[in-house]
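The following feature annotations were taken from TrEMBL:
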{"type": "ACT_SITE", "residues": "SER189", "note": "active site"}
{"type": "ACT_SITE", "residues": "ASP343", "note": "active site"}
{"type": "ACT_SITE", "residues": "HIS373", "note": "active site"}
{"type": "DOMAIN", "residues": "107-260", "note": "domain 'Alpha/beta hydrolase fold-3'"}
{"type": "DOMAIN", "residues": "314-375", "note": "domain 'Alpha/beta hydrolase fold-3'"}
Amino acid sequence: MGRKMILLLIVGALGAYYVYTPLPDNIEEPWKLMWVTMCLKTITHLGHFAELLGISNSMDVTGFFMSIQEVPPTSDENVTVMETTFSNVPVRIYLPKRKSETLRRGLFYVHGGGWCMGSAAFFDIDFLSRRTAVILDAVVISTNYRLAPEHHFPSQFEDVYNALKWFLTQDVLDKYSVDPERIGISGESAGGNLAAAVTQQLIDDPDVKIKLKTQSLIYPALQSLDLDLPSYRENSNFLGLTKSFVVKLWSGYFTTDRSLEKAMFFNQHVPVESSHLFRFVNWSSLLPEKFKKGHFYNSPTYGNSKLAKKYPGFLDVRAAPLLADDNRLRNLPLTYVITCQYDVLRDDGIMYVTRLQNAGVRVTHNHIEDGFHGALVYRGFKIGYRIENQYLSWLSENL
């Protein structure tokens, strides 16, 4: 009996250690966040174990478990849901059922998932798309795109861009009764990266006559040149999205070669011949004082140019929208950016806000002081509903 009790206590202590993580005092519903994080942590560990055994790539395993959350395109009393392809890219379309005497707004949505996971069919994305269609009385196009590790940059960018261009043709807009002057794009996390990148690309495309009215970027990843920002230092081990996992996702966007992942983790991947790009991501000049919090800027440690020659994607503006010069930025549409305090990607979004404002772009920055990465699409979290309501309110007023 004594041995069983000791064993039970040991198992309980290990379980509590695995589940419990100290959180800031202003985090709402901390135990719910710990539970979700434990599930994500378990899936990640299973992926690493499978990769260690040579069974499968860890991201494929993670993606498999994530795909369990997918739901079919089911219409309801408010929305007609259908699936089709735009320029051979699978998309899911949400059409409000109530009659409208005028053309509707259109929103093109790009899901997140670190360029290697995710789908328009995910329950949380499907739920948000339905809500958006109903509340805004808008036609929502939720796009898919090819994923790593089977497909690397620029495949993801090209899929999203081609699907968006298809949507922006007059024939397609007429088919779905969309007002060509009221079209926006939104994306969260890696989807925010892709949304920002295709919005920039659209500016210089002479074939696209219909332009976007708004872009909404929800805790976006916007650069991988400097992974030693204050937000990376402060939140390197925060629940859900750690620095090591972000580095794995960034490097996996470009290659399965672990040498890039290792160089990125130590912030030694940018060659000296690309040093001029650091002026676009210099947080010491682009972050407001409150976000620097006494951090000191470390001058870049340059890496081997061989990596940049083999995998030039991380220096490409299509993968890192923060690298765009001011001439390109000043032509961007009305912008809404959500950042979260407890998120390694926080400073990417804040620096982009600063650069857009400096370029004369109208920007609304919604910083969530008690927010964390993924908060918008975590169903059942109070903070998720709060951010969702703020996001949809902004779209309602500006799109």
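From the backbone N, Cα and C atoms, a Cβ is placed for every residue, glycine too.
The structure displayed is predicted, hence computed values, not measured ones.
Could you place these features in context, so I can see how deep they sit and what lies close by?
Other Cβ atoms within 10 Å of the Cβ of SER189 (active site), summed over all protein chains shown, number 28.
Of all the Cβ atoms in the protein chains shown, 27 others lie within 10 Å of the Cβ of ASP343 (active site).
Shown in sequence order, SER189, TYR219, PHE238, GLY240, LEU241, CYS340, TYR342, ASP343, VAL344, LEU345 are the residues of the chain, 6+ apart in sequence, with a C-beta less than 8 angstroms from the C-beta of HIS373 (active site).
Per-residue pLDDT, averaged across the domain 'Alpha/beta hydrolase fold-3' (107-260), gives 96.
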